[in-house]
Amino acid sequence: MLSATKRYLATAAAAAATNTTTTSKAFTNTTSQLGRATLTIKDGPVFNGYSFGANRNVSGEAVFTTSLVGYPESMTDPSYRGQILCFTQPLIGNYGVPSSTAKDQFNLLKYMESPKVQCIGIVVADAALEYSHWTAVESLQQWCKRSGVAAITGVDTRQLVSYLRDKGSSLGRITIGEEYDADEDAAFEDPGAINLVHKVTTKAPFHIACPPQYSKGIHIAVLDCGAKENILRCLVERGASLTVFPYDYPIDKIANKFDGIFISNGPGDPTHCSTTVNNLKKIITNHQDLPIFGICLGHQLLALASGAKTIKLKYGNRAHNIPAIDLITGNCHITSQNHGYAVDANTLSENWQPYFTNLNDLSNEGMIHKYQPIFSTQFHPEAKGGPLDTSFLFDKFFDNINVYKKSNGLNLPPVENSLLVDILPKERVE
């Protein structure tokens, strides 16, 4: 008896021979329609390939992600601001790109992590110029061109990633054209030398109201260092309304008007955010019962505010499958990560203790205050993309908020009746 697979292949072959069936269009990755492009690593190798994105030259920090899926989420993640992102997955673009403007029931972007592409360029081994997925509205090539993102395909990404792994994250540039002099004296721009958070934060406070059917009467202040949409979604879907502030807003002056403080992810060197660090110091000192939760850059800023130090990793951790151990329970979780800096756990003060540790490189992945309801993680519990193993940390934050509200007998006015909320816009201010 023929197996199901053999029967399918036999039927498909017969149908193809008689041309009596319609088949989906094959993925065509021909480079005949593409112009030449070059990726140059500063003081390193040069890779020739083909341009399938915007016709512009770009430079920035070259980094890589080993994530198998989620390229729309990665490319719109503000933590990738100013970077040239290399995908180790050989074929990228085969399921296209979904709508960049579609919203969910919370008025948050449904598929993207921010309103626009944040990385300045992408590098792939094989770009799928055709796509197939029910949510897709355009190809990766069309999206890159429309968004002004340089994109190069036909690159030996294994060689590139091996170099970055051994030498560390390096500056790179993508140039478009038939001929390019690799020795040309052109600047390699270092995004790490500037305050990237200032470029991705909201320019003014705005409010996200929790729909009545979800609301639990909780009001959280969010410091937007480049917050991913799914982080905001994880807070709202648990019953909180959010007031989102620019990263350097003097939140310490109004912290007592909120049930909790959240510090988001974001790009670049945390030491550039000294104003935020000083504001957090005041909150930790003057509002000792107030629940605080930080993710990624938010974790690093809390660490700096507590007196600890941060370090730049050799090539960073950017993947959807990194194991991190909970040092309190001993449980191991698979986490989604995207960062080039980390907290030096050896510099934590006596009031803090490590919460999670990366089992690949033993870098710090979280910390928790011994006496106050404050904790933070280097990894992304909201995922998108990635596993949901650590989504319980949002529940932990809300548990802390409920204890805080109950123990302090808080009876704040309804969130939506606040004068502050009434005058704020309802979406991010670019």
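Positions of Cβ are set from backbone N, Cα and C atoms, glycine also.
Look at Swiss-Prot and you will find 1-9 tagged as transit peptide. Per Swiss-Prot, domain 'Glutamine amidotransferase type-1' is recorded for 219-407, and the stated evidence type is sequence analysis. For Cys296, the entry in Swiss-Prot reads active site, nucleophile. Here Swiss-Prot flags His380, Glu382 as active site.
Put simply, Glu382 (active site) is 11 Å from the residue listed as 'active site, nucleophile' when counted between their Cα atoms. Under a cutoff of 8 A between CB atoms, and with a sequence separation of 6+ in the same chain, the neighbours of His380 (active site) are Lys228, Ile231, Asn265, Ile295, Cys296, Thr335, Ser336, Gln337, Asn338, Gly386. Summed and averaged per residue, pLDDT over the domain 'Glutamine amidotransferase type-1' (219-407) gives 97. Each of the active-site residues Cys296, Glu382 was scored by other CB atoms within 10 A of its CB, and the lowest score goes to Glu382.
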